[in-house]
Amino acid sequence: MRFLGDYKFALLTCSVIALSIYFAINVEFRFAYDSPGTRTGVKVSEKSPFDDEFMYMSIAEDIDRSYLHYDYYRESCPTAEKIIAKAIRDIYNVTPSVAPPIIRLLFHDCFIEGCDASVLLDADEAHTSEKDASPNLSLKGFDVIDAVKSELENVCPGVVSCADLLVLAAREAVLVAGGPFYPLETGRKDSAAAYRDFAEHELPAPDATLSVILQRFSFRGFNERETVSLFGAHSIGITHCTFFKNRLYNFSATGKPDPELNPGFLQELKTKCPFSVSTSSPSAPPDIGLPPSLPASDSENSYGMSSGNRNDEVIDLSYNNEGGDENFGTRYFRRLMQNKGLMSSDQQLMGSEVTEMWVRAYASDPLLFRREFAMSMMKLSSYNVLTGPLGQVRTSCSKALPRN
């Protein structure tokens with residue numbers, strides 16, 4: 001089928017239309033929410049990262065330079081995205097807890113040297129693995145990715161990269177968890193190396209200060225607004241008592257609870273997480289990262305995603321799907337406003353004028369949050385990607401192809 005001429009012109013036309021819609025949404029978005037006297041009751045002064053012409057043009061230039069585009073596998077593997085979406089949904093129907101680990105895998109991959117599937121590589125005689133970095137020891141869902149990759153290889157051997165597979169699987173995980181859809185370009189290539197040392201030091205810890213978190217996101221091009229929106233993924237998944245017990249019993253080595261914790265919530269948590277003499281600050285991140293992770297139990301799990309220490313109580317971050325799927329994200333921000341954030345790094349979002357502003361905005365306007373979260377996930381999923389000859393397409397996501 002021809003459209004306004006040949007295929008290349010059609011692709012350019014579609015790209016311009018998509019960018020125009022994307023920009024128009026943000027103009028409407030700015031008009032509705034970034035003016036004084038908003039529905040959120042917050043006077044917004046920070047500019048959207050998409051507000052000015054320079055950013056709009058830079059997005060267009062990036063598309064011109066990039067090998068990424070929509071429907072990249074249209075000819076080489078036309079059913080690729082459908083296969084990935086169906087596989088994640090089929091697994092979700094059996095194991096609903098599959099979504100948070102896949103979303104967390106995406107973050108832990110993209111945050112370290114970009115979205116190149118390096119987090120999926122196993123160690124071998126010559127290379128270390130990011131899986132062995134302490135922040136990644138609780139990562140789950142590798143077997144889910146392997147299962148989907150196997151399906152793709154049966155249909156289109158050696159075509160779909162693990163990096164594309166992971167970003168598309170994470171998008172489907174967001175959808176089944178009640179989050180928004182967002183369009184993704186494809187054409188990423190896989191890294192031939194892993195970056196364990198970077199993963200060890202760059203992934204934010206659960207007790208990281210707000211300044212450290214914002215600095216690490218800023219280094220990767222995310223402003224406060226986008227960073228806060230990504231934290232909304234903490235409205236699903238689980239975390240272990242081990243990783244916040246110090247807030248209940250020995251905050252900052254005072255022998256007392258964190259004074260910022262809501263008193264009623266504190267008592268609720270103490271009931272679920274009784275005191276033990278080993279209570280101290282965790283040395284590794286919890287099963288909730290940015291985004292969160294891990295199924296709440298192994299009883300419904302057919303993919304080996306064990307919940308770590310079975311003797312350690314866990315907290316359901318959705319609080320039994322409080323408010324329903326339509327409150328994906330917003331329930332998290334509302335609880336922060338009530339001083340009911342589990343991690344210090346969560347509650348600290350209320351400790352800065354700018355981040356608090358966005359917490360309140362997202363808590364009061366689910367549509368605003370869903371738009372912002374979708375845009376931030378698009379940005380995260382395209383961070384520092386490998387394209388063209390810079391990467392490879394692995395046939396097994398855990399093993400790099402031999403270098404020529």
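Just so it is clear, glycine is given a Cβ too, placed from its N, Cα and C backbone atoms.
Among Cys14, Cys77, Cys241, Cys273, the one Swiss-Prot lists as the disulfide partner of Cys156 is Cys77.
Swiss-Prot names the disulfide partner of Cys241 among Cys162, Cys273 as Cys273. For His234 (heme b binding site), the nearest of the recorded positions Arg104, His108, Pro204 in terms of C-alpha separation is Arg104.
Pro204 (substrate binding site) counts 19 other C-beta atoms within 10 Å of its own C-beta, drawing on all protein chains shown. With respect to Ser235 (Ca(2+) 2 binding site), the closest of these recorded positions in Cα terms is Arg104, chosen from Arg104, His108, Pro204. Reduced to three states, the DSSP call for Arg104 (site 'Transition state stabilizer') is helix.
For His108 (active site, proton acceptor) paired with Pro204 (substrate binding site), the C-alpha to C-alpha distance reads 10 Å. The DSSP secondary structure for Pro204 (substrate binding site) is coil.
Of all Cβ atoms in the shown protein chains, 28 besides its own fall within 10 Å of the Cβ of Ser235 (Ca(2+) 2 binding site).
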